[in-house]
Amino acid sequence: MSILALVEDRPTPKEVYNWKIYLLAAVASFTSCMIGYDSAFIGTTLALSSFREEFGFSTMSKTAVNLVSANIVSCYQAGAFFGAFFAYPIGHFWGRKWGLLFAGTIFTLGAGLMLGANGDRGLGLLYGGRVLAGLGVGAGSNITPIYISEMAPPSIRGRLVGVYELGWQIGGLVGFWINYGVSETLAPSHKQWIIPFAVQLIPSGLLLIGAVFLKESPRWLFSRGRREDAIKNLCWIRQLPADHIYMIEEIGAVDQALEEQRTTIGLGFWKPFKAAGTNKKVMYRLFLGSMLFFWQNGSGINAINYYSPTVFKSIGLHGANTSMFSTGIFGVVKTVVTFVWLLYLIDRLGRRLLLLIGAAGAAVCLLIVGAYIKIADPASNPTQEMTGGGIAAMFFFYLYTVFYTPSWNGTPWVMNSEMFEPNMRSLAQACAAASNWLWNFLISRFTPQMFAKMEYGVWFFFASLMLLSIVFVFFLVPETKGIPLESMDVLFESKPIWRAHATVLAKLREDEEQFRHDIEESGYSKTGEQQVEHVSEDLPKV
């Protein structure tokens, strides 16, 4: 088998790979467009002279400016931290669809509040709006990956959850370029900096409109006892009748997983909290999920996202427009590489190998950039044009982006969406998303101070964390590509970790062959023509 071949846990009818599943993933991923845009535009907006003049940055000390900038950026992450947890009861009781509508509504209210800010009113409305927007994206970062993973066929689950990451990068691309556009085309004014804030309403509006038409997650419906609705939605998504053998297998696996949960963790609202504190298997996976986001943020990527002018200045780029243009190129590179990751790598090369390769390559590039800054000290020796060493440093910076983006950028979100059983999934994803926003908050809050105090040492610091992540992934993180959600317990119990995927996949294929043999022995047609009453229960074929 080719290393880039799709991995199927069982023969999958071509009808399963239909446009509906991609459409649902795309609509849900407007949440990540909100996140990506908000993460990208704020740093360069704070660098606009019109914004700095209106809010009196010119009268503040450098320390005060760094503090205010860090507060504006980081209150968004603080809101997102709590939003990730608030989404748990909504997703549990009301479902994934209503959770997405909640996220879009709160974000829209926050974006609208920010539009009321000006020099006379001060920064209060910006702070309040950023916190509300953070609550919205925190909720969305919890619910969206779960929603997509619960609908996705195992063989393309990484690709579909990857659409969430693609939305993040597209939003980021717009956010990186919009300030360059307004700075080049508009004179410094209130209008110049308020336009980037207003654009936030576009992805949230699209989410609110699209989410109305989304199908509820079949697995959530099963967990709530709404079996008829669950089978109907699953048939619509898979484009197969309820009595097709593929559907019988999938529904049977969900039933079995729910029964196992009922006898172990339990299906109530509070049961997952008890499991999170007492069940060693659950605690271990929560630890893995949180640490994946620790290493992701330890790559330094969010320091670049939020403070790109500061980052590029440390390499030797001078001038606001030059930094904004370089930031825009950074966004283009991330988006292009994300397409490659989405279409060819995540479900073919897998999660584990991508993380290992990405960490090694990113670490080398960060070390080279840090060494250049240490030797050349471009901040203390500015030149009109970049030197050859500076150009090489920029090359390795963009090469770092190429290594990081198809590995650590989206893969932790994919893995956290698929590691847990159904009733644990909402709380576990809440913990994982909150963990991401916690590390994100710390990076965004202290990056200006780190660059002021550590200078080139910041690059070595992030490189060291990337090297340590290699050890973590190799010994503790199993490969999950192609493994059904209902078989994750077996995967994480298999040892050694680096062979677990092959072991479990072989067992799944053996069980599937036996299941089909038993079905055929009982007189069931391979084409699914015979009615299977305990599954379809008088549902019409779709």
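The chain as shown is numbered from 1 upward.
Glycine is no exception: its Cβ is also placed from the backbone N, Cα and C atoms.
It should be emphasised that the depicted structure is a prediction, and the values quoted were computed from it without experimental measurement.
These features come from Swiss-Prot:
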type	residues	note
TOPO_DOM	1-22	topological domain 'Cytoplasmic'
TRANSMEM	23-43	transmembrane segment
TOPO_DOM	44-74	topological domain 'Extracellular'
TRANSMEM	75-95	transmembrane segment
TRANSMEM	98-118	transmembrane segment
TOPO_DOM	119-130	topological domain 'Extracellular'
TRANSMEM	131-151	transmembrane segment
TOPO_DOM	152-159	topological domain 'Cytoplasmic'
TRANSMEM	160-180	transmembrane segment
TOPO_DOM	181-193	topological domain 'Extracellular'
TRANSMEM	194-214	transmembrane segment
TOPO_DOM	215-285	topological domain 'Cytoplasmic'
TRANSMEM	286-306	transmembrane segment
TOPO_DOM	307-325	topological domain 'Extracellular'
TRANSMEM	326-346	transmembrane segment
TOPO_DOM	347-352	topological domain 'Cytoplasmic'
TRANSMEM	353-373	transmembrane segment
TOPO_DOM	374-387	topological domain 'Extracellular'
TRANSMEM	388-408	transmembrane segment
TOPO_DOM	409-456	topological domain 'Cytoplasmic'
TRANSMEM	457-477	transmembrane segment
TOPO_DOM	478-542	topological domain 'Extracellular'
REGION	523-542	region 'Disordered'
COMPBIAS	531-542	compositional bias 'Basic and acidic residues'
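Away from its own ends, the transmembrane segment (353-373) comes close to residues 295, 299-300, 314-315, 341, 345-346, 379, 389-390, 392-393, 396-397, 399-400, 402-404, 406-408, 411, 455-460, 462-464, 466-467, 469-470, 473-474, 477, 479 of its chain (Cβ-Cβ under 8 Å, at least six residues beyond either end).
It is 194-214 that, among the stretches 160-180, 194-214, 286-306, 326-346, forms the most Cβ pairs under 8 Å with the transmembrane segment (98-118).
Pairs of Cβ atoms less than 8 Å apart link the transmembrane segment (194-214) most often to 23-43, out of 23-43, 75-95, 131-151, 160-180, 388-408. If you count C-beta pairs under 8 angstroms between the transmembrane segment (457-477) and each of 75-95, 131-151, 160-180, 286-306, 326-346, the highest count goes to 286-306. With a cut-off of 8 Å between Cβ atoms, the residues of this chain six or more beyond the transmembrane segment (75-95) that come close are 38, 42, 102-103, 106, 110, 127, 130-143, 146, 216-217, 220-221, 224, 269, 426-427, 429-431, 433-434, 436-438, 440-441, 444-445. Tertiary neighbourhood of the topological domain 'Extracellular' (307-325): same-chain residues 43-44, 47-49, 69, 73, 176, 179-180, 183-184, 369, 372-373, 376, 378-379, 382-383, 386-387, 390, 393-394, 397, 447-448, 451, 455-456, 458, selected by CB-CB distance under 8 Å and a gap of 6+ residues from either end. If you take every residue in the topological domain 'Extracellular' (478-542) and average the pLDDT, you get 72. Across 23-43, 286-306, 388-408, the stretch most heavily in contact with the transmembrane segment (326-346), judged by Cβ pairs under 8 Å, is 388-408. Here the transmembrane segment (23-43) sits against the transmembrane segment (286-306); at least 3 CB pairs are under 8 Å, leaving out pairs fewer than 6 apart in sequence. Proximity of distant same-chain residues to the topological domain 'Extracellular' (44-74), defined by a Cβ-Cβ separation under 8 Å and at least 6 residues beyond the stretch ends, is recorded for 118-119, 122-123, 126-127, 130, 176, 179-180, 182-183, 188-190, 192-193, 196-197, 306-309, 320, 323-324, 327, 441, 444-449, 452. Among residues of the same chain six or more beyond the topological domain 'Extracellular' (119-130), those with a C-beta under 8 A of the stretch's C-beta atoms are 54-56, 68, 71-72, 75-76, 79, 110-113, 190. Sequence-distant neighbours of the topological domain 'Extracellular' (374-387) (same chain, 6+ residues past either end, Cβ-Cβ under 8 Å): 313-318, 394, 455-456. Per-class residue totals from DSSP over the topological domain 'Extracellular' (44-74), listed helix then strand then coil: 26 helix, 0 strand, 5 coil.
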